[in-house]
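**Q** So TrEMBL lists the following for this protein:
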COMPBIAS  157-174  compositional bias 'Polar residues'
COMPBIAS  487-496  compositional bias 'Basic and acidic residues'
DOMAIN    274-393  domain 'Palmitoyltransferase DHHC'
REGION    157-211  region 'Disordered'
REGION    470-496  region 'Disordered'
TRANSMEM  21-44  transmembrane segment
TRANSMEM  64-86  transmembrane segment
TRANSMEM  319-339  transmembrane segment
TRANSMEM  359-383  transmembrane segment
Amino acid sequence: MRAREDRYERHEAASKPQPWIVLKMVVFITLGLIGYAAYVYVALLVLPMIQRRRGAEASRETGIGLLVGFAVLWLWTLWAYVVVVVTPPGYAKDYVQKTGKPKLPQSPAFSAPRHTIGGPSYEDMQAMLVTPQPQIPATTIPRPSAVERTTSVMTVKSISMQSGRSKSNGTTSGIKFDSGEMMNGNPSTEEAREAESSYSENEQPNGESRASLSLRGILNEDVEAQVAKPSETSGGWAKWLFCCCWWMDSGDVAKPRTYIARRPPTTPVLEPLHRYCDKDGFLKPYRAHHCRNCGTCVLKYDHHCPWIGQCVGARNHKFFLNFCQAAFFCTAYIIGTMVPYTVKGFTERGADVNPQQLVIVALSALFALFTFSLTVTHIYMIMLGQTTVENMQIQTMKRREDGQLGKAFKWWEFRGKRQMLKEWNREWGSLDKEGNIWWIGGRRREWEAVMGKNMLGWILPIGKSPNDGLDYPVNPRFEPSSGRWRRRDEWPEELR
């Protein structure tokens, strides 16, 4: 409730950027730490060696060599940091004019055709809780007798009703499997009508439409296992026999006994209504997001970094990675060279060790771990054509699918989970690549789209990113107008 209040009810406060001193305070702290590290390393460790002072921890030649290596890495770090601080990420307000908010379509909400992939997306379910829905007669919702394996799902509730009705009529199980597809027991017309009427009465007890079901009901029905397994209607021996057969089956050829449909979000992210920024009052370019700290929309928004006093976006993403690389090598050099001589100073007689050297070693270890993780993470995401925000969205969907597989399969059926995921990827593609709307294909292409083609610019803060942050090609596996993910059989022929 507090998060909802901060997001919606405090609109005016959220649209204002933080004070300049608050945004830039950490920049001065970081510059102070860089200068303090140089003071301790040069004045307290290297200079006594060069001047051959009493208590120096190494010879003059060693001190000169350490100083040269440190100076190169320290200047590289300082240069990269200054460049990333003074280079703005690119703000949409400098290139986009203010416009009125696009109007909602006149047709009833959620009446537009969607991919039949097992129900509405989480975004639509959230909106259904707060948007009045038109009353739709139950008879207008067809109840097919056959559910396609790759296009729809059947809830546990409806399955239990139909299988129970079949058993009461003296027939066998109401569900059978045929070539990986789930089929009803081919009931007669009377039974089909009765089942459809029972479905409408039981799932809509208050006469409401399906679109107005509560979020809890939708989650409980659609996230559970969608198809009954043989082990659910058999005894203990049948369960063990089923598990043994499942284990001995071929993992690459056999199709999973239990099928649940992948349900990617169906929000039309490219439509103007979903790209309009209420705070700035204009239509955001592709991949632009509003930063609450800066109080405006940032081109190709990655994240807000307090260490550089601004956001990481299209114009400075390259320089941010350059700084992370330089900072890691510099701090690693400080640790690798200072620790042995500091330890030597504590163990040998006559050596003079300043406690400030221990402070710099501890700070260097902290920043080395921090910048190394940032470097590896951003290299990985750049090669996949993702920003931090986009990667979080994909990870959220992965966790949601893990939860679906965890409820559809037992804990020991990890092979079935793996086969189900392979089936999803054969039908839709992988989430990290084909499921990324901004993936252009190829790690080298994605890398050069951010870091440029000059290999020297991959580590030094020179040049700039080839893209200006205003225009990005859409993955052809998505609908170009709405941005909805399509199945593999709907992709262009050359991409299938």
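Counting begins at 1 with the first residue displayed.
Quick reminder: no glycine exception, Cβ is built from N, Cα and C everywhere.
TrEMBL entries are annotated by machine, without manual review.
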**Q** With helix taken as DSSP H, G or I, strand as E or B and everything else coil, how many residues of the region 'Disordered' (470-496) land in each class?
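**A** Helix/strand/coil tally for the region 'Disordered' (470-496): 6 helix, 2 strand, 19 coil.
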**Q** In this predicted model, what is the average pLDDT of the domain 'Palmitoyltransferase DHHC' (274-393)?
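**A** Across the residues of the domain 'Palmitoyltransferase DHHC' (274-393) the model's pLDDT averages 92 on the 0 to 100 scale.
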**Q** Over the span of the domain 'Palmitoyltransferase DHHC' (274-393), count residues by DSSP class, listing helix, strand and coil in order.
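**A** The domain 'Palmitoyltransferase DHHC' (274-393) comes out at 68 helix, 16 strand, 36 coil.
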